[in-house]
């Protein structure tokens, strides 16, 4: 790979993204924008994501069960290592995104990650299949058993963390890589919008398959068979991805976006005393990229607000006399502005994820206290409602793309129908309704228990799961689009990774709230071991209030948010005293 263009101490610092198509090792280098769009690339990416989701979820969903029943780890040991692995799995994509945006490019990052991922899955399958790499006898949860040996644990965790490293590039780079296969056509945004919807659906369909078929095979037939199916799925995904290389548009990075961020901050501090108007009233000239006829779509227009950062692009002496750490371009300054404006929105995404986390925790606990029989005989596994929620989600995706968005296009006249921020707002509103519904159901359940009318049917939970599914579709898809579309072109992988990181941090916020509620409400408390003696409805009302507050905060931030503005002309842009 050729080195990126160097920064210009002569004032001509170029940061265009030079796109390269075809296989990078094949020597055929051409502009990605010149390659005609075909559906082959996006379809391969979607199939890859579906199969990868099956492989990953087949490990993640039953990890604590495997540690307990096969490796005989203690409850505390299992919980600690599962939490550590989950934390690592959501942090590594940020590192992978940095490598993709700064050095390797998305395509090469995915290829490198596939190697780690596949080696980890193969080793995981081998550790479950070979008797010497696991304890000789199986163990039921709660029974005392001799734990696995140090070697057996070492092999298993080596496999597990190789898989975690592999997720780093896939989770961070695959989504933006798939989106880059599309033309940036403002008149046909529904193409790329549909890709985000189906990428989201592929993730959840993979979770559904892993949570039903693969999980059943692991626990009832053979762990090695279950892990082997996941490994086989990922192997097919890897072959398909490599085989599709001639179809891809591949964009390579030209430098480190982190360095550009630091340069803007340093230059703004150095010029903090610079006035944006000269003594004669004329506006200070701002430094813009030199145009080389390539990558105009990455040049950004100057926006109002955050004026202190504009000073980094102010030319106070001849541009040729300023170094790269004292003079930045308008596009680089605007890139930092975008990140600053996105940060508060991202914080609300963390709180939203915490609200959504009730589906896999307190919703399940609520279902365990209800009558799980349907039709008198059939008994519904409580955890299966999470899988059913995935079915609702897929139905919402179809409804979202086939009815809601087309109707919004007709009503608003916008090619995309609802904006990304509007759809994220709808998702936050639906989660408020879901939590309020859960609180009402729990209050009715408690009244039935204490009033002697018996236990409520678990079917009463269906409305809250339907609302959560709708919320996840509206907000989840829009967040993927938002963090990709609004991100500076050189930081799309990093911003996409942070959208996934918000989900992880949401669970930590959820754990913090549980701890505080348990400490404040004392025993038996709202979250009593026996839910009939507690007040889970109060807990749901608390989360409803938190979600309402988060929705109101989001509405304020969304109303004040300034979208990214791509420059329509190549002439250098000047500051205007009228908009200061």
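First residue shown is number 1, and so on along the chain.
Each Cβ is built from the backbone N, Cα and C atoms, and glycine gets one as well.
Curation does not apply to TrEMBL; its annotations are automatic.
Annotated range for transmembrane segment in TrEMBL, selecting from 5-24, 85-104: 85-104. Annotated by TrEMBL as transmembrane segment, the relevant range among 473-495, 496-518 is 496-518. A contact between the transmembrane segment (384-404) and the transmembrane segment (153-174) is absent, since fewer than 3 of their C-beta pairs, 6 or more residues apart, lie under 8 Å. Within the chain carrying the transmembrane segment (538-557), a Cβ under 8 angstroms from the stretch's Cβ atoms is held by residues 344-345, 348, 351-352, 354-355, 358, 362, 424-425, 428-429, 431-432, 435-436, 438-439, 442, 513, 517, 526-527, all 6 or more beyond its ends.
Annotation: stretch 153-174 has the most Cβ pairs under 8 Å to the transmembrane segment (111-133), among 43-65, 85-104, 153-174, 195-217, 223-243.
For the transmembrane segment (153-174), same-chain residues at least 6 beyond its ends with a Cβ under 8 Å from one of its own Cβ atoms are 45, 48-49, 52, 56, 59, 63, 71, 81, 85, 88-89, 92-97, 99-100, 106-107, 109-110, 112-121, 123-124, 126-127, 133-134, 147, 493-494, 496-497, 500. Long-range contacts of the transmembrane segment (195-217) within the same chain: residues 42, 45-47, 49-58, 61-62, 175, 178-179, 182, 225-226, 229-230, 384, 386-387, 390-391, 393-394, 397, 400-401, 473, 476-477, 480-481, 484, each at least 6 residues beyond the stretch ends and with a Cβ under 8 Å from a Cβ of the stretch.
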